[in-house]
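Asker: Reproduced below are the annotations present in TrEMBL:
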TRANSMEM  167-188  transmembrane segment
TRANSMEM  200-221  transmembrane segment
TRANSMEM  264-285  transmembrane segment
TRANSMEM  291-310  transmembrane segment
TRANSMEM  322-339  transmembrane segment
DOMAIN    364-500  domain 'RCK N-terminal'
DOMAIN    785-925  domain 'RCK N-terminal'
REGION    1037-1074  region 'Disordered'
COMPBIAS  1048-1060  compositional bias 'Basic and acidic residues'
TRANSMEM  1170-1187  transmembrane segment
């Protein structure tokens, strides 16, 4: 049919050839692609049949030619008619009465009305019935009714077969019967399929005949007009018509109610029909005995079916008693089946979750969470973080998951706190029906999370991509928040509003942990919602200040609406940041222009604040939740210099007091210093004099000569010198540029330190020499800086994001650390092509559970070892066992190399308590108790007091799930985090780095003075402190019991003397020995162990244990040295490794200005972009006088000047 063959033209045909009719043909073209449809089809295409007929095609106006058709002819011209079977009369009726949804719905509604009308007529007839005037086949039946009162058990059969029917009632019933009879006959005719008996013996047809045929007979035989007809049986036909009408309604409007709704409707109709049938039947049969009213019969049926059985109304004659028995038997068969079906549907509904109603979706706000499998940790993290924001308290969370609800999840969702706000739907995001159940088109947002516990993470990403596509196709206007595991799959969901790539953030964070300690803890605390109330009841000083500072988060506000920053309009960014921190205790870290979508972190002193700018700051709470209380300023002498603002930490003009429910900035002048604060000895010049070094003020408009350029902009020859060691290692020539090869699509270009020429692939192998060099271990290379070793299973594309932040252009060349990739599986050439342009990046095949591999990779020369979670171990038969191998291997390395900083990634955050595990350590037990207490209080950061997490030595990517959740309220959080981690580089935006406080810096004394120093000298913004303190742990071995903590009390005085010199450096830690003593008492109280004074035998056992520990340490040392000698490695580096286990470290985010600096504090700073600073240096010098006259400019001149700068 697709292509018709061209026939011969009329001129080529022999004119003598004629048809039987004596007419010649004419060959014509037949377009078979457009069939001639002669009759429409009422929306159905059932029953197609082809009809072939000759076609007469006009050639000229008066004449017509036809072509003879033969079955053997290949040139036959056929006219095809489709759907000809629908042209038949029966098919037309079938389409109208059965197949067409709308017309069938109308007919069934009419049929339902007729059945209900007959039941109503029966009730009217019973109400008007009077047995005393009964006429039985043209004669009176009064003589039978006169003796009813004498014997109630006597049956008057005439009253059963005859009733008193009024003429109007009879006329209406006859009319209804005729219509119903014709309709029944028509449906039998249309439904006939060759077996007439199948149609006749249907229960509905039999009931229809019983209720219609007698009335039709009475038309022709009037004496039978009063014969009894059980019209009340039409209630069952009405029930069937209602069910069919509901089905047709669903088909017509293309919407379906739940199966539960249909089953409940069927059950209610069945109960009504049973009660109505029983009441009408008993009432009629009791007419032959003691007459009952219809209401009494209804009362009797309800009492009987409800199994109450009062006995006040009972049937008296055996026909009615037999009917009761029959009705009870029918109810015992029908109702249990209905209830069983209802219970089954209810159980299925509980599993699938039902529907989220359209009315609720249109009147209330909700978000949808799409996951592959829902675990209890994922659910609680989402709910706690989502509902931590006050404006989200009225939102509903609809969970769409293809798996059945877990028992633990079901138990959580039954808690009243969540049962009223969380709705679980079992379904797939790929089905429009399930998306309709979740009302995705009305949702405020859709969160699509990947299953990170899958062995095949690529397959998990593919499922996430399909879900994102399905949601975008179904609800284009619904905001999408997508989580992707692998970076190469990110570009598939770039249409989403917010995307978090797990491996990108993970590797970038682990890389920054090596140069900025505890960056993972810093970012995790920033993206979690907290009020800073954790640990405030602890006697430990570090826990109180650490918990208070952990409540700081990133917020934003428009500058013209801000009390914090509104007064700095027209001032430099650095000036606004310093004075806002000085006055209110908030840390301004970034800004965004009104006409620019890019967020700039610390744009530097050249950035002039405008009233329309959006300010991004770190604080305990947002400004809208803050109250401002100011004390009247005291008058100062006019000769007071501006540089004496921070004469002492106790002389701050403004202190930020952070309340538990918000930020209250109180302007207090000259507060009294604490009496127990120790005075610091300030450095003097040439050992004499007591004049304190001054700090330059932060200028409103930066002076180009006042800002010292960054070291990165100095002469590059300084960094390029001495690149070769004394042994004659070849010098490495570095250049700055963009990596030529990206391993995946969508990676952000970053200016990096690169090799002038790509290194050959053979030179990237650390443990094997090649024709270019003969080095076979890390020692032979003679690296100047400590190594960074990364242990991973495979060289995935995400590992590229570990290298880029460590080779960024703003890292000084002389501080670049060599990177060694310790891979279980050798990398492919595609990955080697991407990393061969970076300097000092090597790889070797090996695992962390092999000591020889660790020694060959140069672990004794390494400063950091990063252990990445392996994909093959992320799933385990038992939950939380996926980290077992990683934890044991790290614990082994912790014992073998105690001074090595090991940064470990875990699958489950709850397993971090096993890192650096000390069994029966009373201090660890106390921290465990504290974690449980904080969890019971509802804290989202209960694990924050674990020492490995506080020190930044353990990290779980699931902690960053809150970053995606927070982006629903703070749409800028993902971008700010990417800028902090170096994943994105925006021109003019700063970057995160760190500086260490040395003895030469202690004269600054406080964090507030350090803030001023950095802002005035190098335009850097500090955001926090990483502090390390010496800590005397009660025990370091697992054999010591909790009772041994009492020994600390005996050694308290000697320990105070040993630590007195360190405590003299800070006033906050002057009572450190006392706090340690209190902490041990706190640990003993929480451990709930009865302690006794140690006896002489116990002290001897303790000494033996210490000797055993020393011997064990020596045994481990000998093991490592023997393996090094076997591999031909020198043991000098291992001898220099010291045990630094008796320290604790923690992060202080945006501490108060009066926080005293301590030796070896690491300060997190956001350094301005050195490239942007050098480019605009000359422009700033040129336009500096214009800024001084800016107040006298008109509005347009100010705009032009701002655009130029």
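Keep in mind that glycine also has a Cβ here, set from the backbone N, Cα and C atoms.
Map these features onto the structure and tell me what's around them.
Answerer: Tertiary proximity for the transmembrane segment (167-188) is limited to same-chain residues at least six positions away from its ends with a CB under 8 Å from its CB atoms, namely 93, 97, 111, 114-115, 117-118, 121, 124-125, 128, 199-200, 205, 208-209, 211-213, 215-216, 218-219, 225, 229, 231.
Sequence-remote contacts of a segment are chain residues at least 6 beyond its ends whose Cβ falls under 8 Å from one of its Cβ atoms, and for the transmembrane segment (264-285) they are 119, 122, 126, 160, 163, 228, 230, 232-233, 235-236, 239, 242-243, 246, 292-294, 296-298, 300-302, 304-305, 315, 317, 319-320, 323-324, 327, 330-331, 334-335, 338-339, 342.
Note on the transmembrane segment (291-310): residues 123, 126-127, 131, 148, 271, 274-275, 278-280, 282-283, 324, 327-328, 331 of its chain, located 6 or more positions outside it, place their CB under 8 angstroms from a CB of the stretch.
Sequence-distant contacts of the transmembrane segment (322-339) (same chain, at least 6 residues past either end, Cβ-Cβ under 8 Å): 263, 266-267, 270-271, 274, 277-278, 281-282, 285, 301, 304-305, 315.
Per-residue pLDDT, averaged along the domain 'RCK N-terminal' (785-925), amounts to 86 for this model.
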Asker: By a Cβ-Cβ criterion of under 8 Å, what residues six or more beyond either terminus of the transmembrane segment (200-221) are in contact with it?
Answerer: 118, 170, 173-174, 177-178, 180-181, 184, 188, 227, 229-231, 233-234, 236-237, 240
Asker: Per DSSP, how many helix, strand and coil residues does the domain 'RCK N-terminal' (785-925) have?
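Answerer: Its residues divide into 55 helix, 29 strand, 57 coil.
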